[in-house]
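Straight from TrEMBL, the features:
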- 12-38: transmembrane segment (TRANSMEM)
- 50-68: transmembrane segment (TRANSMEM)
- 74-93: transmembrane segment (TRANSMEM)
- 105-125: transmembrane segment (TRANSMEM)
- 131-150: transmembrane segment (TRANSMEM)
- 171-190: transmembrane segment (TRANSMEM)
Amino acid sequence: MRKRIWTGLIGGTALLAFLYLGGIWYAVVIFGLAVFAYDEWNRLRRIPRLGGLYLIGAFFLFLFFIWASGLLHYHPVFLSLLVLLFMSLPVFTKNRTDVTDIAHVLLGLFYIGLGFSAMLATRLLESGLTLSLLLLLGTWANDTMAYLIGKRWGKNKLWPSISPNKTVEGSLAGVIASLLVSLLFSPFVPISTLELLVVGLLIGVAGQFGDLMESATKRSFQVKDTGWILPGHGGVLDRFDSLLVVFPLVYYILWYS
């Protein structure tokens, strides 16, 4: 537990420092995290690192960040070409590339690419620093309170077949914590109190859903953690599972609105 706390404090402080710096510093850190997450995801199915499938996915992961940085304008053709290229791999490799492996890499590419690139794109918004800080602190408060309240007073299991330790009481506490953190940002963001409450609710619900998604994936592959780089937490995916759902969801809602 002590190792988990120290890793969280040091890692969280470092991430906030790079978030404050912004620019190329933050972009490099977020892209580095995405690369680690992409590797963890592909190790679940033992996709060879130097194989064509892995490298093509890595190239498109890089393109997600080029698009998020504004250096390349997004176009729907991009996604169409991405899917067509992956689906054509069995033809070009004469069926030496397994379709299940292709589906796994493609799913991970969207999950990780959209999630981490949204973290970068959010920072580049006009109020990006404040909004990113809100999403990070709201998600961390959600995770922390759900764990503490669930461990101390949790009685009713939330989803025992996927995550036996999560409770309804902890889940509600996490959502309330996200709402409270959102309200604290009221003087600093150019949106109404009602909109802030909606953001807080999205953080609470989507963050926990992201956690459950990751738990279900690990159960499917029968692993405890996706990696080892964060002592006490596991891998990057183990720590960023909630953020990979929260950031793209909030970013695209704001973008379309």
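The backbone N, Cα and C atoms fix where each Cβ goes, and this holds for glycine too.
Among 12-38, 105-125, 131-150, 105-125 has the largest number of CB pairs under 8 A with the transmembrane segment (50-68). Sequence-remote contacts of a segment are chain residues at least 6 beyond its ends whose Cβ falls under 8 Å from one of its Cβ atoms, and for the transmembrane segment (74-93) they are 52-53, 56, 60, 63, 67, 99, 102, 105-106, 109. Remote same-chain partners of the transmembrane segment (171-190), defined as residues 6 or more beyond its termini with a Cβ less than 8 Å from a stretch Cβ, comprise 127, 130-131, 133-134, 137-139, 141-146, 148-150, 158, 196-197, 199-201, 203-205, 207-208. Same-chain residues lying 6+ beyond the ends of the transmembrane segment (131-150) with a Cβ under 8 Å from its Cβ atoms: 12, 15-16, 19, 119, 122-123, 125, 165-167, 169-171, 173-178, 180-182, 185, 189, 199-200, 203-204, 207-208, 211, 242-243, 246-247, 250, 254. Residues of the same chain lying 6 or more positions beyond the ends of the transmembrane segment (105-125) and with a Cβ under 8 Å from any Cβ of it are 19, 22, 26-27, 30-31, 33-34, 37-38, 41-42, 47, 53-54, 57, 60-61, 64-65, 67-70, 82-83, 86, 131-132, 135, 237, 240, 243-245, 247-248, 250-252, 254.
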